Amino acid sequence: MIDRLAGLPGLDNPLLWILALPLGAAGFLAVIRDWRVASWVNVAASALTFAASLVLLRVRPVPTKLFFIDDFNVYLVVLTAFVGLTTAVFSAAYIARESEGNRLSDLHLRFYHAMYQAFLFTMLLALSANNTGVMWVAVEAATLTTVLMVSLYRTREAIEAAWKYFILCSVGIGLALFGTILVYLAAQPVMGDGADSMAWTEMMRRAAEFQPDLLNLAFVFVLVGYGTKVGLAPLHAWLPDAHAEGPTPISAVLSGLLLNVALYALLRFKMLLSANGHTLSPGPLLVVMGLSSLFLSAFMLYRRGDIKRLFAYSSIEHMGLITFAFGMGGPLANFAGLLHMTMHSLTKSAIFFAVGIIAQNEGTKRIADIRGLTVSHPLLGWGFVLAVLAIAGLPPMGVFMSEFLVLGSTFAREPLLALPLAIALLLAFAALISRLQMMAFGEPPPRSAAQSSAGRVSGILALTPLWLHMALVLVAGLYLPAPLVAWFHTVARMLG
Amino acid sequence: MGAGQISYDVAHLIGATVLMAGLQLLYQRRLFAVINTFAFQALALAAAAGWQAHVQDAPHLYVTAGIALVFKAMIVPFALHWLIEKLGIHRSVETAMSIGWTMMAGVALVALSILLVLPVTANAAALTRESLALAMSVVLIGLLMMITRRNAVTQVVGFMALENGLILAAVSAKGMPLVVEISVAFSVLVAMTLFGIFFFRIRERFDTLDINDVETYRGDRQ
């Protein structure tokens, strides 16, 4: 037992605060009755977590048996805490407007806020875990909390979506556990029984001595398992439903954070395989899955009638692109993949912020019923236009830069692969632009003018995170600070 | 060799029993029989975990065995019986694939896992090695059951059978830290309550738990 406690970070360790804050907040929020107070406690807790995560940039805690921070996960921890904070702000405004329509009871809202913090806790736990078992438990818990939030509205569609999400991801998670056990079995003859054989820091050091065949088998299970959660085709079926039917802040964190965390888990295992050196190369597997996700979603984008579903497919597309980049490997492609993970996270959550307000304003999620957003709500409409142009990959946004890097490095090394990649990207681009044109321009339907006067203050509040994210993406596209670039390069080399 | 041989044989006997129960799950036609078979599988799993605890001299595995015995072999089947009666769920198993073909696929999966696992684990202890092949078969059969059965209840049982296979693998892996087993068992508990809520909600809205009916709505009306 003492041995187990030794794995916990000490009080002076920022990691303790990063993990304890959301966990404590989840418990606290479960007992707050007033949802107005709760939504601000939610923001405050997320802000404190973000502040604690910033400390990690300066102080690198010593790895313990259970937790560690290295160059790779530190940026994801900070990104997760940041998007968690902005989404909490958006959520406060969203919930305020949602409860005007009485769509959610007080009990549901209490539950929602508690689950939001619990979800953030599981994400941060998965990112900072030094133990493959702990990481697995965290991803499993993340699935449970999000299932509960997806089913929040209790409509027929929401229940179907949650059920599908739950069944598919539970199976995925189950297979990932089997892969995790196999990795332990590969490590155990070399490093002996116990927690060391599950610790990333220890395993990476001696990976070369592991038995390669066993690692191969393990990686297949891990790829299918965590790949389900990343939403890679053909394991993506849960993703559009879960994004479309839950409350919009949840769609934002699902796309912006959960997919990244699942991919992070996958990449850690890939690093283990690379460190071993005698296994099959994981790259081609990732390239094939990435490319098939890209193509599938590029075509699926054309037939969407539901705005949230449209952008859910766009998330599959971008996760496919990122997986492709890491599959290609090498310093440049890895750099592009890391950058794209960040850019997609920021842009896609911004899009969902906009979509949430649009759906509330217009009272519909049907693309065909949404018209003239830039005319009826200029600040919202242009923010939305900017975000969609960014995600479609138009310069000078950050997404363009990372997409260009992926494409460029592929052209340099495997020109034959670059061709389908370019085609898929163009297909997706055209689909998004045509939808955007329909929604953003033209004559707005007459009723929206009357509705827009309601909740103006919460409207401004809801728009802040959107514009903040877009500003970051724009700045990243124009200028990346040199330390950040150097740092991305270090991580890219780590990934092999 | 004597004592080692016996521990080896008993572990395989129990592991094989878990696998047999998995195959048995595939040909049940009544819902209650499915649940009873699952309870039997969980019982065998508890025995496997208990035996591993004894052989590996790892007392924490007794906890895993206890959880399998009390929670999976008793509480879960009881709760499922209760749910079925309470909700008046249709009591025969609806298959998406004929039982004969399912059985053949099941046997093929067992062969596949043996062919996959044995060559790659040449370095591992023999005890771990073959248990792992058995565990992987159980996992794949659970997966097969989820794919080929239509009712929500049988899918859930398929999922729990899959988890049984995972726990069998985890207890057979020598010296695997406790963290994992307890959390696995715990997440099953959480998952189960979740299922319960789901059932009620689905029951509120639909007349059937048949997944096919739930999925008539594809969610993307043009």
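Even glycines carry a Cβ here, placed using N, Cα and C.
Keep in mind it's a predicted model, so treat the numbers as computed, not measured.
What TrEMBL says about this one:
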DOMAIN    A:129-420  domain 'NADH:quinone oxidoreductase/Mrp antiporter transmembrane'
TRANSMEM  A:15-32  transmembrane segment
TRANSMEM  A:72-95  transmembrane segment
TRANSMEM  A:133-153  transmembrane segment
TRANSMEM  A:165-187  transmembrane segment
TRANSMEM  A:214-238  transmembrane segment
TRANSMEM  A:250-271  transmembrane segment
TRANSMEM  A:283-303  transmembrane segment
TRANSMEM  A:310-329  transmembrane segment
TRANSMEM  A:335-358  transmembrane segment
TRANSMEM  A:379-397  transmembrane segment
TRANSMEM  A:417-436  transmembrane segment
TRANSMEM  A:457-480  transmembrane segment
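Here the transmembrane segment (A:457-480) touches the transmembrane segment (A:379-397). Their Cβ atoms form 3 or more pairs under 8 Å, with each pair 6 or more residues apart. Residues of the same chain lying 6 or more positions beyond the ends of the transmembrane segment (A:250-271) and with a Cβ under 8 Å from any Cβ of it are 72-73, 76, 79-80, 83-84, 87, 90, 116, 119, 123, 126-127, 135, 139, 142, 146, 149-150, 152, 176, 179, 183, 200, 204, 218-219, 222-223, 226-227, 229-231, 242-244, 282, 286, 308, 311-312, 315, 319, 322-323, 326, 341, 344-346, 348-349, 352-353, 355-356, 494-496. Sequence-distant neighbours of the transmembrane segment (A:283-303) (same chain, 6+ residues past either end, Cβ-Cβ under 8 Å): 219, 223, 227, 231-234, 236, 270, 310, 313-314, 316-317, 319-329, 417, 420-421, 424-425, 427-428, 431-432, 435. Counted over residue pairs separated by six or more positions, the transmembrane segment (A:335-358) shares at least 3 Cβ pairs under 8 angstroms with the transmembrane segment (A:72-95), which defines the two as touching.
Proximity of distant same-chain residues to the transmembrane segment (A:165-187), defined by a Cβ-Cβ separation under 8 Å and at least 6 residues beyond the stretch ends, is recorded for 132-133, 136, 139-140, 143, 146-147, 150, 197-198, 203, 206, 210-211, 214-215, 217-229, 235, 237-238, 241-242, 265, 269, 272. If one looks beyond the transmembrane segment (A:133-153) by at least 6 residues along the same chain, the residues whose Cβ comes under 8 Å of a Cβ in the stretch are 66, 103-104, 108, 111-112, 115-116, 118-119, 122-123, 125-126, 159, 161-162, 165-166, 169-170, 173, 176-177, 180, 198, 226, 229, 242, 245-247, 250, 254, 258, 261-262, 265, 268.
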